[in-house]
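Record features (TrEMBL):
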DISULFID  C133-C169  disulfide bond
DOMAIN    209-272  domain 'Lysosome-associated membrane glycoprotein 2-like luminal'
Amino acid sequence: GFFQSYAVEVDIKDASNATCLYANWMMRFLITYETNTSDYKTTALNLSSSVTHNGSVCGNDTQAALLAVQFGEGHSWSINITKNNETYQGDFFTFTYNTNDTAVFPDAKRKGPVTVVVKDTSRPVQLNNVFVCHNTDFIEAENVTQIFWNVTVQAFVQNGTVSKKESRCPADTPTSAPTVLPTIANVTTVSTTTLSPAPTTAPKPVENPDTGNYSLKSGNKTCLLATVGLQLNVSQDKPFLININPKTTIADGACGNTTATLKLNDGNSTMIGF
């Protein structure tokens with residue numbers, strides 16, 4: 001499937017109407033759930049164009065900041081952010097998905113909200129610095145993969161103005177060679193945030209994609225192998241082709257007892273999960 005994701009922008013004001021918490025990011029979720037026939041399926045939950053941020057809190061020296069959003073049919077996500085001397089840091093993520101949403105979970109055996117809480121392992125950010133991470137980040141817990149990219153966030157904003165000083169995530173620093181890693185069986189999803197402009201002249205023929213070799217290890221043993229050339233044929237306004245370049249593609253994921261997932265990120269806002 002091809003999904004157009006929406007960016008989320010939240011600008012929380014304090015009592016004097018000055019910005020105290022700012023965030024702009026994109027995210028989506030892969031969720032494995034049990035069906036009425038006791039099989040397991042993996043579905044993708046994307047943000048809608050309408051997102052609320054009820055319950056968000058500025059925070060102070062003694063109270064944590066809270067960035068909270070609600071979307072779709074009863075789904076919500078939040079991050080708790082704490083302040084410590086001269087730094088601030090995410091504490092934990094709380095994600096709630098509602099299997100009563102039949103558009104996303106048409107045959108779910110368990111009905112109602114399910115909440116997953118995950119510890120944030122990112123490093124502290126200096127106060128008066130804005131945290132920026134364009135690369136894709138994955139957080140996996142309890143049959144849920146949370147996927148984030150194009151993240152900009154600053155908590156405990158000083159003087160009501162988002163800082164010009166940036167603290168970049170390690171993934172935004174170029175590396176000499178891509179790494180290969182993977183997560184969930186029988187699902188193929190694609191997420192892209194930037195679409196190529198419609199050509200005004202006849203496009204040049206796109207060559208066949210190069211073949212990439214991707215692998216996943218569990219401990220010191222290889223548990224997944226994929227040798228594949230990938231080309232996406234996307235139709236929106238006008239069709240265009242995207243070749244996945246194995247030389248610049250980073251793979252991620254994990255093997256389980258009964259499932260495995262391979263996630264490929266080409267560094268140009270295109271992500272494919274198998």
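Every residue gets a Cβ built from N, Cα and C, even glycine.
Ranking the disulfide-bonded residues C133, C169 by how many other Cβ atoms lie within 10 angstroms of each Cβ puts C169 at the bottom. Per DSSP, the secondary structure of the domain 'Lysosome-associated membrane glycoprotein 2-like luminal' (209-272) breaks down as 0 helix, 44 strand, 20 coil.
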